[in-house]
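J.: Take this structure first; my questions come after.
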Amino acid sequence: MSVPDFSPLSNDLSGHIVSTRVVPRNDYSSLVPFYGDGAFFIFIKEERTMKERLQELKAEALTKVEQAEEIQDLKDVRVEYLGKKGPITEVLRGMGKLSKEERPVIGQLANDVREEIAQAIEKKQSGLEEAALEEQLEAESIDVTLPGRPVQVGGPHLLTSIVEEIENLFIGMGFEIKEGPEVETDYYNFEALNLPKGHPARDMQDSFYITEELLLRTHTSPVQARTMGMKNGNEPVKMICPGKVYRRDTDDATHSHQFTQIEGLLVDKHVRMSDLKGVLNTFAKQMFGEEREIRLRPSFFPFTEPSVEMDISCKVCGGEGCSVCKGTGWIEILGAGMVHPNVLEMAGYDPKEYSGFAFGMGPERIAMLKYGVDDIRNFYINDQRFLKQYHKA
Amino acid sequence: MLVSLNWLNDYIDVSDYKPEDLAEIITKTGIEVESVEPVAEAVTGVVVGHVVSCEQHPNADKLSLCQVDVGEGILQIICGAPNIAQGQKVAVATPGAVLPGNFKIKKTKLRGEVSNGMICSLQELGVDEKEVPKEYQDGIYVFPEDVNTGDDAISVLNLNDIIIELGLTPNRADCLSMAGVAYEVAAALDRDYQLAEERVERSNEDASEVVEVLVDDPQANPYYGAFILRDVTVGKSPLWMQNRLTAAGVRPINNVVDITNYVLLEYGQPLHAFDYDRFGSNKVVTRRAKDGEKIKTLDDQERTLTPDHLVITNGESAHAIAGVMGGADSEVQEDTTTILLEAAYFNPANVRQAAKDHGLRSEASTRFEKGVDPNRVERAGVRACELLQKYAGATVLEGVAKFDQLDRTEKAVEMNSNRINDRLGTTISNEEIQQILERLQFHYDHNDDDFTVYAPTRRGDVERFEDMLEEVARIYGYDNLPFTLPSGASQAGGLSLEQELKRGMKSYFEGVGLDETITYSLTSEQQAEMLVSEEVKQNAKSPVKLAMPMSEDHSHLRLSILPELLQSISYNIARKQHNVAYYEVGTVFLSEEEKVTKQPHEMLRAAGALTGEWMSHPWQQEKKEADFFVVKGIVEGLVQWLNIDVEFVKAKVDGMHPGRTALIKRNNENIGFLGQVHPKLQKEWGLKDTYVFDINAEKLIELYQKEEAFETIPRFPSVNRDIALVVDEEVPAGHIESTIYEAGAPLVKQVRVFDVYQGEHLQEGKKSLAYRLLYLDPERTLKDEEVEAAHEQILNAVKETHNAELRG
């Protein structure tokens with residue numbers, strides 16, 4: 001009996017399962033064709049063949065993964081090896097022919113191979129993505145020193161900032177804000193403030209009259225008279241009144257025919273001059289700094305008695321005396337005093353029962369002192385370069 | 001008031017105080033010291049020299065060659081002054097001397113002759129031109145003969161004296177005299193001072209036999225005293241007196257005038273010396289002037305009087321305007337021998353009126369206007385007599401011819417120490433109060449806590465309790481008051497809604513990129529009527545005008561903020577600031593009356609003006625100029641923030657670009673306008689394209705609707721649909737938008753134009769407007785059919801109303 005030509009078969013063993021006979025594991029010696037009883041059998045170690053095949057596929061796939069240069073290459077590998085029509089699936093499809101014992105072993109192996117390839121793809125993919133991102137980021141790099149797109153933001157006028165700062169400060173101390181007309185009656189501007197017609201102090205503030213009885217207010221004090229007048233002489237008043245005022249002055253570096261004033265008034269029973277001193281001290285320290293000292297010195301205003309002026313210690317020299325404070329160590333900030341009994345009476349208060357204090361100051365002057373503005377006209381010319389300087393917090 | 005420390009030291013010794021320390025004390029107790037300065041700048045090396053000989057310079061016509069004895073030897077000095085003469089005592093700056101302005105004197109040669117110094121004028125020694133006696137104004141100063149050769153000229157001239165300048169408030173007229181200052185300083189330093197008794201030797205003749213004084217109006221002239229002095233020799237006043245006058249800023253003239261001025265400074269009482277012979281009468285009659293009456297005053301001006309002015313007459317003609325200025329006719333001259341010296345009390349109001357009417361405010365009128373001390377009027381006359389006797393050789397007649405109804409009583413003021421402490425927040429004892437009153441030299445009675453104070457007549461300002469409160473407080477020291485805070489019921493301070501909104505509006509404008517400005521309320525008549533909003537025009541007859549403006553530029557109250565705002569922009573443009581965005585929230589003044597009698601309505605308005613680049617980022621090629629829609633966006637944002645619906649209606653407004661202006665309306669009521677400034681006006685102002693808005697902020701505040709509850713965020717999806725419509729080019733986009741909203745209600749929540757196109761592919765005269773519509777039903781998810789139906793409805797409506805076609 002001659003031995004049949006075996007080679008074609010053996011050549012083709014890779015893809016074909018020619019027998020279902022299962023040979024025990026590790027019995028490699030039995031992996032030989034044999035002949036017997038006239039029947040033709042080929043005994044192939046099936047388990048070993050599929051396993052080998054899977055290993056081969058795995059190696060192949062991993063190499064391709066390794067060599068992939070783009071994400072698309074990886075997608076191709078995935079489709080080729082892990083796809084529904086891929087070789088591993090095909091291997092698995094043939095598992096039906098395996099013995100019951102062999103099936104889970106090969107199944108497990110196939111899954112492991114898939115898993116391994118999938119992981120390799122994923123790993124490679126994230127590596128490639130990372131590289132791609134790097135490249136993109138590199139390409140997107142900019143010159144961070146180029147200027148940003150300016151945001152158009154305006155700001156308040158320096159006088160408004162100062163007025164609001166003062167307002168807020170007194171609001172904190174329980175004061176209300178009151179406003180009044182800029183065109184005032186002679187009565188409220190002068191007479192109600194103890195400045196009857198012909199009073200010499202009227203000289204101090206030459207005014208813009210419209211008629212004999214109407215004028216542009218020369219101070220914000222008429223708002224005090226108006227506010228007091230509304231209280232029927234039996235309610236306390238605690239207010240400040242900011243606003244524009246007007247005087248017949250020729251505009252120059254230190255004079256302006258229009259300027260700003262803020263006045264404050266407190267009327268109640270038992271208001272003491274020491275209260276005025278306490279309130280002004282609180283104001284001065286908050287407005288100009290904790291280290292500022294204040295002093296009151298006698299002065300004269302027709303609507304207060306006693307009248308005082310308040311100085312703060314000079315910030316520049318700390319009280320030593322310098323050119324800013326003209327060598328005195330002190331800078332005049334505001335006028336104040338105890339409300340004159342005539343003013344209280346005219347507003348309907350009994351000066352024996354009620355007393356009060358009032359104070360008034362010029363935001364322009366405060367701005368000039370605080371920021372060293374040297375010409376009052378700057379506040380009204382509205383040069384953009386001036387205005388913009390003070391738009392900072 | 002200029003106070004010479006040398007002079008003050010005569011009354012009260014303050015030499016133990018440094019001038020600066022004394023100034024500080026005076027400031028803190030009552031009167032602000034404005035400056036502490038020497039009479040003249042520091043000068044050294046100037047001595048009194050005796051001109052031994054004086055010849056003409058051999059090589060110069062106008063120069064003199066002098067040999068001057070300076071005590072330590074004789075110096076040859078060349079002098080160019082015309083009044084130099086042999087025998088004079090002069091001020092010599094010797095080599096090494098330093099004159100004001102750090103001018104150093106050196107030995108020099110002038111036209112071949114050596115000059116060892118300089119003979120000085122007073123100006124060269126630092127004396128103010130206006131204080132230099134007239135005869136020495138154009139030449140060197142000549143000392144009286146009795147000064148010692150070789151003495152330090154600066155001391156002799158009192159130029160090293162220190163002058164304290166007092167800034168007197170109107171209530172402290174008492175310190176318009178050296179005596180008053182002495183009382184004040186004595187109180188401040190707790191030292192003694194009394195005005196010395198005057199000493200005069202009288203002749204047997206009685207003044208009242210020589211003249212009679214008649215007063216027509218005792219109210220205006222409650223006291224008039226006439227002293228008569230004979231044998232007067234008019235000449236120079238003593239150097240010390242001249243020096244004191246100079247120190248006080250008064251120019252020495254002659255002994256008679258100098259003495260009246262000296263007493264004015266010393267006592268605070270103005271006096272007037274008439275040449276009795278020229279006065280021409282033995283009667284002094286004071287009366288109100290007749291209407292149109294004329295007088296030639298000392299300054300050689302003829303002045304026309306009215307009954308408001310009080311005059312001193314000789315019974316016929318006026319010889320002085322009371323308290324203001326004497327007449328030229330009876331002026332004291334070199335040949336005067338008999339003087340009628342007036343010491344009077346004139347009513348402050350009369351003097352003030354006369355001084356104002358004639359523009360003659362003088363040292364004298366100032367003091368009368370503020371009220372002189374009734375108890376010092378006659379004494380001042382006596383003091384002048386004393387000095388005239390001493391320095392002008394006068395024989396002083398007995399007594400004084402006078403009219404006297406002057407009230408000299410000291411005003412009684414009640415005060416209680418508890419009340420003082422209650423008002424000051426202090427615990428001053430009765431003993432301390434007594435000490436204070438004694439320092440002030442105020443008489444008083446007291447019973448436990450109750451005081452009756454008799455205010456001296458020199459202190460006319462002390463009339464009531466509060467005045468005494470001030471006296472006690474200032475002498476006690478404001479530094480000694482405690483710091484307390486008000487004890488009354490506290491209230492919550494805060495802003496009213498209007499104030500909050502006003503601040504909010506400002507923040508809004510700043511947030512969108514505008515800078516706040518503050519401009520003048522007073523403007524020119526022309527500008528007051530420019531760029532005025534319709535609703536302002538309807539309620540304002542014409543701009544309110546000042547009765548007496550200072551200039552045409554500030555003569556009327558503004559009706560619009562815009563002109564001043566544009567002026568500010570113009571100012572910036574002229575300074576190469578081309579991109580400006582400004583706003584102002586301020587008042588304008590509306591009066592409905594032709595002739596104003598009532599206060600105008602002060603309407604709060606918000607206005608803005610923008611020109612140039614609105615935003616730009618050059619290296620990214622981004623640039624946006626301000627335009628109509630930038631301004632409109634700002635206004636839209638504002639009204640949205642305030643939750644107010646407005647409409648924009650194209651309109652023509654004076655001063656505005658006719659095609660680029662819109663009125664801002666709320667329910668058909670005008671509340672402002674916006675647009676581009678008329679190119680003609682722009683050109684006038686030197687502006688490039690400038691866009692403005694002006695809106696009634698007061699109305700906005702009134703219309704503001706606070707959103708009490710917020711709408712919930714829609715839970716159901718919205719649907720966007722775009723439509724492009726072709727319409728005639730004149731159809732306003734806003735109208736189509738309204739139609740879409742109406743026809744699409746309630747589902748259309750938002751309509752936005754996203755494209756406006758005109759040109760190729762479109763018929764001439766047509767434009768295409770593309771809108772994005774947002775459909776939403778807050779209650780449920782919209783079905784396609786519903787949106788479709790609504791969309792169809794909208795298309796029909798725009799076709800019907802605006803003849804709009806869907807763009808193919």
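Glycine residues also receive a Cβ, built from the backbone N, Cα and C atoms like all the rest.
The annotation Mg(2+) binding site is assigned in TrEMBL to B:D461, B:D467, B:E470, B:E471. Sequence annotations record features per position, and here TrEMBL assigns domain 'TRNA-binding' to B:40-154. What TrEMBL lists as domain 'B5' is B:408-483. Here TrEMBL flags B:714-807 as domain 'FDX-ACB'.
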J.: According to DSSP, which of helix, strand or coil covers B:E470 (Mg(2+) binding site)?
T.: helix
J.: Could you tell me the mean pLDDT over the domain 'FDX-ACB' (B:714-807), as a whole number?
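T.: Residues in the domain 'FDX-ACB' (B:714-807) carry a mean pLDDT of 91 in this prediction.
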J.: Which residues does B:D461 (Mg(2+) binding site) neighbour through Cβ under 8 Å, counting only same-chain ones at least six apart?
T.: B:N171, B:R172, B:A173, B:D174, B:D467
J.: What are the helix, strand and coil residue counts for the domain 'FDX-ACB' (B:714-807) according to DSSP?
T.: 31 helix, 32 strand, 31 coil
J.: When DSSP is mapped onto helix/strand/coil, what comes out for B:D461 (Mg(2+) binding site)?
T.: coil
J.: Counting by DSSP secondary structure, give me helix, strand and coil numbers for the domain 'TRNA-binding' (B:40-154).
T.: 11 helix, 49 strand, 55 coil
J.: Which of B:D467, B:E470, B:E471 has the fewest nearby Cβ atoms, counting only those within 10 Å, among these binding-site residues?
T.: B:D467
J.: Using DSSP, how many residues of the domain 'B5' (B:408-483) fall into helix, strand and coil, respectively?
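T.: Result for the domain 'B5' (B:408-483), in helix, strand, coil order: 34 helix, 17 strand, 25 coil.
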